[in-house]
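Straight from TrEMBL, the features:
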DOMAIN    75-147  domain 'Cyanate lyase C-terminal'
ACT_SITE  88  active site
ACT_SITE  91  active site
ACT_SITE  114  active site
């Protein structure tokens, strides 16, 4: 048993039972973004949250325990993602990454945006030319320490 197998089981059950991530998030009292990342193997849950997930996705006790283990984050199967949606983010960072970095440094100084003290919100933005995906990323600024 490994985390990838549990993720696959969760996805299969989600499809077969027509479960929405927003329903799972409401059940846990967490954001849909965090819950989705956790169910896809990128975030750990506490024991109580894992038990709730297990009840929704029919997980065994062993599978439930895996949900509480800190994951190997950011482990995509290839260095350059081939999934079109994920690849767009890779492309976005290739095109705009330097500008984003430069503007963060100009506004905050020398440092980085945390992906640990972090939140994300994904919403649909109606537009007469076709609905838009609105993604808000909010990470704590972490200045580099001088020593």
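Heads up, the Cβ atoms here are built off N, Cα and C, so glycines get one too.
Sequence features, as recorded in TrEMBL, placed on the structure.
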| residue | record | Cβ within 10 Å |
| --- | --- | --- |
| 88 | active site | 12 |
| 91 | active site | 13 |
| 114 | active site | 12 |
Measuring Cα to Cα, how far is residue 88 (active site) from residue 114 (active site) in Å?
21
Round to the nearest Å and give the CA-to-CA distance linking residue 91 (active site) with residue 114 (active site).
21
